[in-house]
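Quick look at what Swiss-Prot lists:
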- 1-24: signal peptide (SIGNAL)
- 25-723: topological domain 'Lumenal' (TOPO_DOM)
- Asn73: N-linked glycosylation site (CARBOHYD)
- Asn106: N-linked glycosylation site (CARBOHYD)
- Asn192: N-linked glycosylation site (CARBOHYD)
- Asn202: N-linked glycosylation site (CARBOHYD)
- Asn420: N-linked glycosylation site (CARBOHYD)
- Asn443: N-linked glycosylation site (CARBOHYD)
- Asn574: N-linked glycosylation site (CARBOHYD)
- Asn578: N-linked glycosylation site (CARBOHYD)
- 724-744: transmembrane segment (TRANSMEM)
- 745-760: topological domain 'Cytoplasmic' (TOPO_DOM)
Amino acid sequence: MKITCTDLVYVFILLFLNTSCVQAVFSDDAFITDWQLANLGPWEKVIPDSRDRNRVLILSNPTETSCLVSSFNVSSGQILFRNVLPFTIDEIQLDSNDHNAMVCVNSSSNHWQKYDLHDWFLLEEGVDNAPSTTILPQSSYLNDQVSIKNNELHILDEQSKLAEWKLELPQGFNKVEYFHREDPLALVLNVNDTQYMGFSANGTELIPVWQRDEWLTNVVDYAVLDVFDSRDVELNKDMKAELDSNSLWNAYWLRLTTNWNRLINLLKENQFSPGRVFTKLLALDAKDTTVSDLKFGFAKILIVLTHDGFIGGLDMVNKGQLIWKLDLEIDQGVKMFWTDKNHDELVVFSHDGHYLTIEVTKDQPIIKSRSPLSERKTVDSVIRLNEHDHQYLIKFEDKDHLLFKLNPGKNTDVPIVANNHSSSHIFVTEHDTNGIYGYIIENDTVKQTWKKAVNSKEKMVAYSKRETTNLNTLGITLGDKSVLYKYLYPNLAAYLIANEEHHTITFNLIDTITGEILITQEHKDSPDFRFPMDIVFGEYWVVYSYFSSEPVPEQKLVVVELYESLTPDERLSNSSDNFSYDPLTGHINKPQFQTKQFIFPEIIKTMSISKTTDDITTKAIVMELENGQITYIPKLLLNARGKPAEEMAKDKKKEFMATPYTPVIPINDNFIITHFRNLLPGSDSQLISIPTNLESTSIICDLGLDVFCTRITPSGQFDLMSPTFEKGKLLITIFVLLVITYFIRPSVSNKKLKSQWLIK
């Protein structure tokens, strides 16, 4: 077809309309989708700062092995800084020679540290021979300054001892935590043990200024509750009503009348103005993301269980806002599980041998039942055996086990020992620092089948079972179109053993059914056991981290990839080759593997694997660093088959997502998901990943002393447009294009007719 000048003009007009009417702006979500709840823990001691009356030093022991020291502004309720000490403080006193210096002592180890009271700089430390100190007073104020009478708190005048300020005590008042009357006056009350309220003077009145609740410290378990759009529920009801109709005509008439009523309601809401209706349909408020949060699965409630026996719901799209909180009145929380598919009920196990069933509602959950286990022992751990049969394996601190079955029906929340023995076998693997143990549950009895114990000079430092994922591909397609088949045997676990005598780290891959070790790999580069070690097990690969001293001190990352065979197109698990997986009879092929070691510039504390709905998105290794930051690395960078760029063959470069081997992996600033936040994860923190309705997006949360959540997109946000995308201009552009097409269509038809008759 011949192109004329007129056609070119039309093309330029279309391009102009496209560029002028459509503007897609993609903005950074930093500090918009992520949030942090910083905690101090229950206040053990409050120490005034002599150089600033508005500042105090707060000591708390959130864990059994560490102490948290925080500088706090009592006038504004703002946290100024926090510092975790690697030991608990038994004594804290002022230096006799310098009252601006604080001496912290651990009596069991005689370890002491001397800090500047104002900015908490470490001045001196040692073992034994601590500096001479002055004992701190038990209270932060004099007893004759405050009195409590008839449910009122009176602040007394220093000379007349008459009440200068009066305050009605809040419900649940426990004690006066801190008080000073110098300008400005500051008063802190402790309420319900975990709540702290700050007051200041406004004339003759005491007014509340700030409030904190420290119940969230030390999260031990979590559950996620999806929030659904009420309109989806209404739509489901309409569809069910249509399906229940007697005939096709009745179903059609029901849909027609329902949609007509919706149209009338829409017109009423907009005062029967077509212009308002059209504007509402085109408008898209970039700040209002309620609908998109519901649609894309961002709207979730994070339910957390704390060590001190509190359970609470946090709104994940509203910066972790507390929706509800419930005191379970137990000594310690251990584990909790959903008891039904609809997520209407939770069961919580406590450390003292009780279990509670909790009905979860939107407003305030209620405790339905509270019962002791059949064996009144201290609970160490709880494992869910079967999601549908509500069976749990409870391990006590004396190593005994209890098989527990819960009937989630109404008024029957009691433990039941099944009378009908199941013919199926359930295999369970447990581990501790002394070894790994295999059990079989048969006929409602628990029997140990195998045991892998370590010797006295060894310790198991990390353990991970193979992650259950959606299987998308059986193998890796190479550059020459051949396939390396993944080793997808599900009953696998990987663990690390530290040998203090020989200064080695040993990686083992074990079959959890038989206890057979399939792969072992030893590292003799002088691992430093003072630093943390961790391991994660993905679909067909394992990644573990440790710190070594040779040849130079550095953090190591090791990846191990498992294949059925390292020979392309060789698949040993094909049923046509008369091969079957049966580990109990010894019919199992050991995996062949490739491994690579990388250097990482920061010390890694814990690791986790990103999860998405269908597991299509590239997996990311999410890492919590020792410095309090959280970052992630796409798994494709940790390639065990990678070679240096100069050694890569031509076919290897054609492989999808192939990356050359680089021994040092730098930290990408764009992948630091905590940004400049001061995050205190704690010694037993959990790094978790929660899938959303968007395949590209995963929610990452760190649960410990603090709670932090954000979203990551390891493969980019390929399935979501920005809220600022200008939908109205796009529709106008399409409309203008249709109009132009309508008017130029006769001209094009006329040209075609003339060309057939050879008319110029």
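Just so you know, glycine gets a Cβ as well, placed from its N, Cα and C.
Source: prediction; values computed, not measured.
The two recorded residues, Asn192 (N-linked glycosylation site) and Asn73 (N-linked glycosylation site), show a Cα separation of 21 Å. Nearest to Asn73 (N-linked glycosylation site) in space, judged by Cα atoms and limited to the glycosylation sites Asn106, Asn202, Asn443, is Asn202.
Note: the topological domain 'Cytoplasmic' (745-760) comprises 12 helix, 0 strand, 4 coil (DSSP; helix = H, G, I, strand = E, B). The two recorded residues Asn106 (N-linked glycosylation site) and Asn202 (N-linked glycosylation site) have their Cα atoms spaced 42 Å from each other. Here the topological domain 'Cytoplasmic' (745-760) has a mean pLDDT of 80 out of 100. Under the three-state DSSP scheme, Asn106 (N-linked glycosylation site) falls in the strand class.
Asn106 (N-linked glycosylation site): 18 other CB atoms within 10 A of its CB, across all protein chains. There are 14 other Cβ atoms within 10 Å of the Cβ belonging to Asn192 (N-linked glycosylation site).
Asn443 (N-linked glycosylation site) sits 71 Å from Asn202 (N-linked glycosylation site), taking the C-alpha atoms as the reference points.
Other Cβ atoms within 10 Å of the Cβ of Asn443 (N-linked glycosylation site), summed over all protein chains shown, number 10. Long-range Cβ proximity for Asn202 (N-linked glycosylation site), meaning a same-chain Cβ under 8 A and a gap of 6 or more residues, is found for none.
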